[in-house]
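Right, one structure below, let's go through it.
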Amino acid sequence: MAQFYSAKRRVTTRQIITVKVNDLDSFGQGVARHNGKALFIPGLLPEESAEVIITEDKKQFARARVSRRLNDSPERETPRCPHFGVCGGCQQQHVGIDLQQRSKSAALARLMKHEVNDIIAGASWGYRRRARLSLNCPPDKPLQMGFRKAGSSDIVNVEQCPVLAPQLEALLPRIRACLASLHGTRHLGHVELVQAGSGTLMILRHTAPLSAADKEKLERFSHSEGLSLFLAPFSEILETVSGEAPWYDSHGLRLTFSPRDFIQVNEAVNQQMVARALEWLDVRAEDRVLDLFCGMGNFTLPLATRAASVVGVEGVQALVEKGRENAIRNGLHNVTFFHENLEEDVTKQPWAKNGFDKVLLDPARAGATGVMRHIIKLKPIRIVYVSCNPATLARDSEALVNAGYEVTRLAMLDMFPHTGHLESMVLFERM
């Protein structure tokens with residue numbers, strides 16, 4: 001009878017070695033050298049020495065954990081959050097913000113083989129205008145409300161979260177008390193909080209119908225806190241209990257959105273990012289501009305305030321409809337939105353028949369492989385690529401460089417301080 005064994009990590013004997021860290025990777029791990037290869041050590045900073053235990057040993061690199069830190073870097077910070085190290089939300093609160101930004105910029109520069117010209121950043125605390133907190137109410141135990149543990153599905157009960165917008169953080173204990181008082185706590189899935197330009201939103205996901213008494217209690221809570229409340233009994237259904245359609249500002253334009261629509265988490269960085277895209281593209285009154293993966297028009301509509309015409313292409317129908325509504329609401333009549341799958345053959349899609357002078361694209365983590373060939377065929381003068389995944393950015397950039405484009409500006413977007421997320425934007429110009 002055949003037997004199957006799960007692959008095991010190659011681990012050395014648990015000997016303690018002393019190392020000195022000389023670098024920090026973009027995820028906030030200290031990097032040392034041992035036996036001629038990189039040794040990654042969470043929790044250590046450059047110029048710190050420590051006794052460590054190797055936990056994983058591979059051909060190209062190894063990992064270790066700290067047994068005893070021997071000195072502290074001047075760039076080490078005391079984490080503000082009492083849940084840091086347990087909650088999986090933040091990985092770098094022990095790292096000074098300047099070092100965080102330098103390490104992310106260095107990683108981006110290495111990957112793109114180009115210096116980082118700009119760091120676009122806002123406040124490093126209180127920046128998150130959106131959060132999703134998991135809910136669980138085990139039998140005979142208090143309601144759990146918080147974020148997932150690092151590497152686990154367990155919930156960390158959070159009483160505070162200093163990266164949340166102050167208005168949202170202040171609500172946490174009162175929301176917990178309200179939800180814990182409901183009769184249907186065992187049917188609660190998660191709660192989403194959004195700080196929109198129009199005020200605070202609360203979206204409550206529940207897996208079974210709420211009683212009339214529970215709904216009434218939630219509505220009273222929403223009125224007393226001055227927030228808009230939405231119930232989500234199923235993934236595709238949203239019931240408005242109180243409040244109106246929310247909106248946020250993008251480069252002076254008011255964009256309404258559905259409470260579940262994607263909006264950038266960091267408002268300050270989003271505003272700077274949109275302004276920088278307009279600057280880099282050097283949009284002029286005669287320009288025809290293409291915005292791919294456009295969402296509800298975060299870039300599209302500001303572009304339309306300057307260009308002769310703008311075309312936005314997006315794969316989610318609801319976002320396309322919202323983009324059209326927002327164009328009308330803002331009096332922009334030179335915008336056309338298309339609902340198309342940009343992972344398919346785009347050459348037969350109606351928007352692809354047009355010519356464009358300049359292109360902006362803001363794809364998801366998978367990147368934009370499906371449209372790169374067509375972008376090159378369009379021969380735009382300038383291309384701005386906004387990325388949430390440096391690996392796919394580097395891959396797609398290679399296609400543009402091979403087609404005669406040159407990277408002329410590279411910016412690191414510090415969209416998520418104290419985390420390992422690395423976002424960026426690049427300007428390509430046709431040579």
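Each Cβ is built from the backbone N, Cα and C atoms, and glycine gets one as well.
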Annotated companion of PHE293, ASN298, GLU314, ASN341, ASP362 at the S-adenosyl-L-methionine site, Swiss-Prot, chosen from GLN167, GLN195, GLN264: GLN264
CYS81, CYS87, CYS90 bind [4Fe-4S] cluster per Swiss-Prot; candidate in CYS161, CYS178 listed for that same site: CYS161
Secondary structure at PHE293 (S-adenosyl-L-methionine binding site), reduced by DSSP to three states: coil
Integer Cα-Cα distance in angstrom, GLU314 (S-adenosyl-L-methionine binding site) to CYS388 (active site, nucleophile): 17
Spatial separation of CYS87 ([4Fe-4S] cluster binding site) from GLN264 (S-adenosyl-L-methionine binding site) - C-alpha basis, Å: 22
For CYS87 ([4Fe-4S] cluster binding site), nearby residues of its own chain (Cβ under 8 Å, 6 or more apart in sequence): CYS81, GLY146, PHE147, ARG148, LYS149, ALA150, VAL156, VAL158
By Cα-Cα distance, the member of recorded positions PHE293, ASN298, ASN341, ASP362, CYS388 nearest CYS90 ([4Fe-4S] cluster binding site): CYS388
Span of GLN264, PHE293, ASN298, GLU314, ASN341, ASP362 around S-adenosyl-L-methionine - largest C-alpha separation, Å: 22
